[in-house]
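Heads up: the structure comes next, in structure tokens.
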């Protein structure tokens, strides 16, 4: 057991060294119990590009909550950690660092550059693991993986070769998205489209015979040197007679043909379209149909090449200005029309993406997508939480394009294809035998390897690997909605293809972390928050509590320091009530407490408040477990918060002082037992969310680690509706008196007469039997409880279920003000009656709702009507006083 709890909650003291202790105790490893049901999660591998942000903290907190609860519930749990090499992002970071030293990757060469990247990886992997520790993540480091590990690399090569041999991976020259900053191809989903201010540049292309000019328009005039034709619609009467003739390409005076193609829309612009097959996907298709040449006028860094004539070597955007100026000087510029249009930008480097003709490797997606779609029509489909994201997944799969998987980078999985001087190509998991072969210099898209993450980390392609057999498919994936297509969909179709099984049973989708104003956190806005700074100020438990309670599945969460203050205050409350309970524990053990609690629920010992709190605890266990199972951590947190702060701390702990400050030692032992038992159950319920503080408090009274303690379960013997109903009525009475005092500014310390009128004999007996609690909380000079109480002439009155409460206030009350208060109360009951009446008059509701739900509404109606009638009566009495 640990040392005594400090007088003040200090998260730094509580959390210091605790994580290392857990690691030393090996409590995060699978139990190895073959009789237990396995439950596995693979961590979405963070990029080794830098520190983790709040989004990572949220993502991993949710996973840790799940795995810690399942571990406590007796599952054989595995949470497998790892990191992603993040090809383009990491290479860009390392190149940026080298540029600061005046070095480029080309100065170093591939091998030495990769040495630098591995150094970067080691540096930031250590940083990430340190952050995981501060967050308290219960991962099994003995199984840590990296996407460039040899085992994972072997899986990548096998998948590539198998897909190639099936004809589902092919190499070809097509228009792709090109990042001129990173000098690599990008897939469609790595391109972010933004609305930007631009212009349509209208130009005249003169017919070769000089008889007339055709007007064309483009937003990218710098690509005109790659024009190989102009197209008109074959049905466009304006140009039918021109088909087959030539126009002269301005500046370089090159003749190009006029072709007939339906790509040209007679209703749009002039109906004449310039065709640049090497720089536009639609033009590429036109070029294929008409067997047109492909003229690439741009270098891979976004500068113009020698085919751009005098603009050779200029940046594409500088060339745009210069070309327009030249066209104007030649008389070919007709007009410039400002416009706002959508322009693709690289997700990683932020630069404008260039459509560019390039030889790349592609995955043919037709059948892979069909397999994924078909799987979602089975009973064993992947369940999305919330379910609406299944529609998002299906929509993407139904509209998927072939996936460009090659990247012109050095950091990553080098494509397992080799070429020789004879123009032959060899694709295989290992290099071909013999000399004269050169491996393809490109690497695979990072998502190609991370798509294999759930099964490659478990030992696949060795299907006899122990972890693969035991923990695959995994149980739950937690991730953000922004990478459903990037990652989730690809894991699903790759897993179905190569293992015959889906990679996980559930996908929990969370949103994005936003600032207090609802803005996405970003470097450009300067509103990003380092989770380590938050932990330093508030502790990891407070951050985890906020992150788990911030929103529902699929929703964004707004970060605020006000919410962090509230989180810290809640933990401080738990700390203080724990200190109170443990300071009054008198050496009671948890086993002794359990034995005594069993007697309490069997009504052998204890009082009604003991049975009430145990009943409510049992209900809380059921509701929290139910919501955990649905990944509704926010709902579960609200239930826990209400039980701990309101029912346990504010009511039960205060009620126990009546016993603990008495001389009855037998009753004290029972009260201490209920307090300790309830605290223990609370800590176990909280542990998945707040691992550090619960471990610290648990260590005061129990042996071992709470990490491996059993999770609370619903116990039918704890149910006691009589105790629940009675104490809730008692609370209503006390609250009513307190509220009445407050309304007329009568201090709690001032004794006052309290009259409780009830015709319910059971309630009357209950109030009398427990009048000690009423007196303790309301400070009456006189307390009368009876059905025969005469209504006082002038009194504060209130109505609770089954009783009326009067506080005679002849010397303290303004009658007119009391009458106004009652009118307000009457309006409140009328509003409640209108609402419930509207619901019960809805035939559809009555017909479709569960009978118990309808009955609950009817009970509400009866209760509200009783309160309404009693309030009417009091108003009439008060009016008599006024008269």
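Using N, Cα and C of the backbone, Cβ positions are placed for all residues, glycine too.
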Taking 505-509, 510-514, 515-519, 520-524 as the choices, which stretch does Swiss-Prot tie to motif ''KMSKS' region'? 520-524
Ranges in play 773-808, 809-844, with Swiss-Prot marking coiled coil at 809-844
From 35-45, 46-56, 57-67, the residue range that Swiss-Prot assigns the feature motif ''HIGH' region': 46-56
Contact set, same chain, for the motif ''HIGH' region' (46-56): CB under 8 Å, 6 or more residues outside the stretch: 83-86, 89-90, 93, 120-121, 124-125, 127-128, 131-132, 480, 512-513, 521, 528-532, 534, 559
Model confidence over the coiled coil (809-844), as mean pLDDT, sits at 86
For the motif ''HIGH' region' (46-56), what are the DSSP-based totals of helix, strand and coil residues? 3 helix, 1 strand, 7 coil
